[in-house]
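Take a look at the structure set out below.
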Amino acid sequence: MEGAPAGAAASEGEQPMATVRRISSEGASGRYRTRLKSSPRKKYVIGRVVGNGAFGEVRECVDRQTREIFAIKVMAKRGRDRGAWSTSEMFRREVFLLSSLSHPNIIRLVDAYEDKHNLYYVMEKCDGGELFEHIVRRKHFDEHGASRLCRQMLLALEYLHAFNIVHRDVKAENFLFRDQSFDSSLILIDFGMSVRVRPDQMLSEVCGSPHYLAPELLRRQYSCPADMWALGVLVFLMLYGRYPYDGHTTGRIVRDILYKPVDFRSHHIRPSSLALCFIRGLLEPDPKKRLTAHEALQHRWILEGDVEARREKKGARIPLEIVRSAHRKVTAGKPAPIREEDERKSKKEALLHRLQHPLGMAAALQSGRFSGFPGDQKQQSGILRRSVPPGKPVRIPQIRV
């Protein structure tokens, strides 16, 4: 197994490391030792905003010496009275854990900084987008693809659980693609809620996203298996286009998770028997009987991919509407400004895709306005100009009415 987490003492001549006390209602003692430098602008040129989240924004940045491109997350300091769940404490927890991890399916931390007003961390830049954004762009999805993606998620969780690290926020939004290629690797991000536990330690804090909460987490007695339940919810969402528990309120969702069995019936899709067996193993209410990450990696659905799905034919291909439905479910749970930004990006991508087709280009040129994309005509015309190769005349095909 690559890159076991380990702390390293600062050698002579290095910048001293800030000692950050770990504050946690779990009652664990200890200190986080995290290198926090004062200003990222000395080393990086900070550029355009590439994403927004609940705790801040993500910008593109360029190393002044190597010219390598990274992403920098900028978070305003706030919530000092919230103890372990303040922005500062979650930031320190994330930096501490990520600085000790090294795995191809886990986000790579490059640098961390802190000044009077903000917290920053520099990480590898993932250009492929979120899980369902990437799948929708591909326009084709089947169980083989779902199995391949799930295997990468399992590899990340197996690595974390081997070192008794519970992620506690496994969900669709926290998996990004490294790039936009067809076979891009999947990256697990956002370790602000993650915690390292003793092998026999049970956690009691209720945290995470409501749809993904495991029954034992709601009963305040949980550990690594809670991540596996959350992964089961995500795989269910990929194959069914809905959450296993999807009430209108958080209270209803919690009650259903605790007392209602998962309904695997669907009028729209019939997953293969191997896929159903796999999901049932992850959504097992008893954490002692639930599949571990290592066991899940040995499951036939992961090892054999879509072999049985092809044999049964039905269920091999996952309709795009199922994927779009899953994407809508994920987007609906985001704060309004982030949701609006995601919708704007999706419409822009759809427009650019239409412009790649001659008839789509012709319609746009003739109408002078692109329906479905926000912004004035000047902005839209700029998009159209950028979509046309320089120096090449645009031919508008004749359209017979």
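For all residues, glycine too, the Cβ spot is worked out from N, Cα and C.
Residues 1-24 are the range that TrEMBL records as region 'Disordered', among 1-24, 49-72, 97-120, 169-192. The average pLDDT computed for the domain 'Protein kinase' (44-302) is 90. Within 10 Å of the C-beta atom of Lys73 (ATP binding site) sit 22 other C-beta atoms, taking all shown protein chains into account.
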